[in-house]
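Notes follow once the structure below has been shown.
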Amino acid sequence: MSERAEMKGPVTRRRRTTITGSGPVKQANGSNSHDAGEKPPQSPGAEAKIDDVTMHPSNGKPDREMGASGQQPPHSPSRKHMSVVEEFNERLSCHVLQESLLSSASGYSNYRGILNWCVVMLVLSNARLFLENIIKYGILVDPIQVVSLFLKDPYSWPAACLIIASNVFILATLYTERRLAVGTISQRAGRILHIFNLTSILIFPAATVLTLTSITPVGGILSLAAYSILFLKLYSYQDTNRWCRQLRRMKAKRLTRSYSCPSVAQSNGSAVQSHVSYPGNLTHRNMYYFVFAPTLCYQLNFPRSRRIRISFLMRRLFEMLFFMQLLVGLIQQWMVPTIQNSMKPFQEMDFSRMVERLLKLAVPNHLIWLIFFYWFFHSCLNFVAELLQFGDRQFYKDWWNSETVTYFWSNWNIPVYKWCLRHFYKPMLRKGVNKFLARTAVFLMSAFFHEYLVSVPLKMFRPWAFMGMMAQVPLAWFVGRFLNGNYGNAAVWISLIIGQPVAVLMYVHDYYVIHYGSTT
């Protein structure tokens, strides 16, 4: 027995067909003559029921009716028919419109496998070089020799004494600011005292290193680096306090009741600390916290973390010790023999051999530089920041993605970049200096400190570091103008990999000629 019913609407026609045997008649909507929930008896001759089918006049393809429960029986003949049709369609057509993965138009960006392959190839190639070095030179790592780089006499520590003497300049800055805050000395006199103090910070250690023969080059570099950092810190300290005095005078002229420099708002998640205001910040505790904090820019209230994480602190300490040993081992085992073998080509001016030595030195030099970056900017600075609960941990950004030279110098050393931007670049712009001259002045100051940290400890004045830094100005212009994207990033990497070994070989060659040339 069959029924036909017309669906509402002009588009589709619905045909409901029920084929019955000797059993009871089952309705199209899924109900039967028995009560709800009671299972009807099945006769042995009952045939399978054909599902309701909806015919679409637009395409002529059957559409299965889902029934009251909204589900299709899994083994219905129409479903089997559709699966067969789909299988044949897959056999007949196997191509779609698409781009190759390595084409830029494909939009594909997951190259993790290729990156892993590059890392594996890098490890294998360097492992071969390391094995070759061991076979050729043997084990050259000597911890006792490392100690001799810092001390000539175990009972004389001139570099350490020189660093301890820096407290004189720290206290001179603090007491000068205290006198300025209470008005004991004039602003002009205070400025002259600060200029004299800051100039002495650079001249005194340089004169000591050049005069004393007991200071080794490594000890001289560490001492001058400490004084250079102190110079930048104390300049920021006096500059910030001068701004607070200017703000206090402005408020006094406006007859306001607040005579304090407003504290800087802390970031989310920072600990609740007692905020200080000017001149309440002029204390020994506040000064020495800033001296040891991993920043060059002073402010009255630093963002603080809630607590010291012991596990984080121990991880950074382990990294500091491990990478320090790794750096010393790589220098002794890899760089020193390569540099020694590079002296003869430089003396004979054999350019082909010089280029070969330069490229051979580029690999260990760059690897050591990368390890030093992680050791200092991540492990050491985070260790100090965690110990002091210093909240601002952005010591570097993604300089490895730099597409311009300017972006690299703005992101690989954030503490120095912030100092230059706050106390050098922006003040020059406020005085009417154009951006190009201000940027060039920043590179000029950086070139001075690079040369200061190399020439003075080596006790020879060669302009290689100065020229290398100033060469960044035309290089930045060329890369920014003619190279974009990946080409600019490659240019930045090439300048880092090749530029540093050139300067290293220049200084080592000149140092070797001056000190050992007469004996060979």
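Cβ atoms here come from the backbone N, Cα and C positions, even for glycine.
Taken from TrEMBL, the feature active site covers His450. The region 'Disordered' annotation in TrEMBL covers 1-81. As annotated by TrEMBL, transmembrane segment applies to 114-135, 155-175, 195-212, 218-235, 317-336, 367-388, 436-458, 464-483, 490-508.
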Check your understanding: So, does the transmembrane segment (317-336) come close enough to the transmembrane segment (114-135) to give 3+ Cβ pairs below 8 Å, pairs being at least 6 apart in sequence?
Key -> yes
Practice item. State, in range form, which of 317-336, 367-388, 464-483, 490-508 has the highest count of Cβ pairs under 8 Å to the transmembrane segment (436-458). Key: 464-483
Practice item. Please indicate, using numbers and ranges, the residues of the same chain that are 6 or more beyond the transmembrane segment (195-212) and have a C-beta under 8 Å from a C-beta there. Key: 158, 162, 165-166, 169, 172-173, 176, 220, 223-224, 227-228, 230-231, 234-235, 452, 456-457, 459
**Study point:** Residues of the parent chain within Cβ reach of the transmembrane segment (218-235), under 8 Å, 6 or more residues beyond its termini
**Key:** 149-151, 158-159, 162-163, 166, 169-170, 173, 197-198, 201-202, 204-206, 208-209, 290-291, 296, 298, 416, 419, 423, 449, 452-454, 456-457
Practice item. State the non-local partners of the transmembrane segment (464-483) in its own chain: residues 6+ outside its ends, Cβ under 8 Å from one of its Cβ atoms. Key: 403-406, 409, 439-440, 443-444, 446-448, 450-451, 453-455, 491-492, 495, 499, 502-503, 506-507
Point to revise | Long-range Cβ neighbours of the transmembrane segment (367-388) (under 8 Å; 6 or more residues past either end) | key: 126, 289, 292-294, 305, 308-309, 312-313, 316-317, 319-320, 323-324, 326-327, 330-331, 335, 395-396, 412-413, 496, 500
